[in-house]
Amino acid sequence: RFAVSVGYWKDPYIQYFVRQPKERKAPEINRGKLAPELGSQCRCYYARVHGVSYLIKAFLKKTECNCQIVNLGAGMDTLFWRLKDENLLPRKYFEVDFPMIVARKIHNIKSKPPLSKPIMESHSGDSLLIDSHSLESSRYSIVGADLRFSSDLEEKLKKHNLDIHLPTLLVAECVLVYMTPQQSASLLKWAASTFPVAMFINYEQVNMMDRFGQIMIENLQRRQCNLAGVEVCRSLDSQRERLLLNGWETARAIDMMKVYSFLPQADVKRIEGLEFLDEKELFEQLMQHYCICWASKDSSNL
């Protein structure tokens with residue numbers, strides 16, 4: 001919310017979910033992602049937003065939007081509204097999170113016309129179904145579920161008209177790391193075995209066994225935040241291996257410093273002018289401890 005207010009990127013919808021913070025955040029936090037000082041609150045940051053968005057839009061364009069997106073652990077994410085503004089909505093967009101989070105999001109949507117109106121505009125057919133823990137429209141569904149139990153997750157998604165035959169993009173941003181390796185493996189295996197044509201995008205920590213990574217873990221533990229799956233975040237290789245071992249045909253992983261170097265340099269120059277950054281080394285260390293991984297399974301050679 002703070003990074004948007006400063007001008008790192010545009011998101012006209014985040015204001016309806018997150019109040020303007022009173023304190024100022026350090027610029028290396030805005031350009032990168034989660035810093036040790038911020039504990040477990042995963043915020044959208046410039047490199048993460050653009051890196052993940054690049055892959056999502058590539059999938060949408062390749063499928064000509066004849067696909068579905070399942071956003072796992074979506075929280076207060078605003079991607080549905082931003083995609084609608086760009087005329088890039090998939091056939092169906094699903095969000096999944098804990099029922100308590102879902103209830104809060106649905107309350108915000110119901111009480112704020114700039115959020116509810118786009119859902120109504122994209123909806124066709126019978127009336128919208130909304131209760132305290134789920135929202136169902138023809139293009140957008142929010143489902144309350146625990147990702148650690150994939151059979152329950154599948155049942156709830158199918159009730160909201162999940163189509164396993166559609167090309168499916170699953171997105172998890174700072175989600176798998178809070179599950180045990182066995183639980184995240186089960187989720188990844190379920191996704192790979194359920195959809196004939198699918199892509200999985202995972203954004204989370206990497207290189208966590210070095211000294212900087214250990215300090216991050218200790219800072220989070222002091223805030224009673226346990227990274228149950230941190231052992232899989234040893235390296236880019238361990239991140240790739242997890243995907244390949246659980247049924248995905250191809251897998252790649254790059255750290256966020258590499259992502260940052262791939263971003264349009266004119267825009268990078270613009271955002272670097274927004275705030276003076278005197279701790280370049282800290283910024284680079286942060287970026288080297290997060291990564292984007294993506295995997296695919298493609299029975300139709302899409």
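The backbone N, Cα and C atoms fix where each Cβ goes, glycine too.
According to TrEMBL:
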- R48, G73, D146, L147, E173: S-adenosyl-L-methionine binding site (BINDING)
How many other Cβ atoms sit within 10 Å of the Cβ of E173 (S-adenosyl-L-methionine binding site)?
23
Measure the Cβ-based neighbour count of R48 (S-adenosyl-L-methionine binding site), defined as the other Cβ atoms within 10 Å of its Cβ.
23
